[in-house]
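Novice: Following this message is one structure expressed as structure tokens.
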């Protein structure tokens, strides 16, 4: 009977330890994506200036020219991807 109590206590202590380790690693992992996303989407000043000078995808191109890689749709007056089937 003593062995059963000791094994139950050790099992319970092991589960508590496993929970604590998992919780600690999960809290560290939550910070990692935030740091990674902020570094990915960090924009330098040159890119911001280029962004203001041209219109991006599905933006009006009446007054602004489309950014590189896009063409102005003659029908809708939006910047779209160039494709052979477009008029």
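Quick reminder: no glycine exception, Cβ is built from N, Cα and C everywhere.
Feature annotation from Swiss-Prot assigns signal peptide to 1-24; the stated evidence is sequence analysis. The disulfide bond feature in Swiss-Prot is assigned to 54-67, 61-72, 66-79.
Situate these features within the shown structure.
Specialist: Cβ-based neighbour count (10 Å, all protein chains) for residue 67 (disulfide bond) stands at 16.
Counting only same-chain residues at least 6 apart in sequence, those with a Cβ under 8 Å from the Cβ of residue 61 (disulfide bond) are 55, 72, 73, 77, 78, 79.
DSSP assigns residue 66 (disulfide bond) to a strand. Around residue 66 (disulfide bond), a 10 Å sphere centred on its CB holds 20 further CB atoms from the protein chains shown.
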Novice: For residue 54 (disulfide bond), which DSSP three-state class applies?
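Specialist: Going by the DSSP assignment, residue 54 (disulfide bond) falls within a strand, counted as strand.
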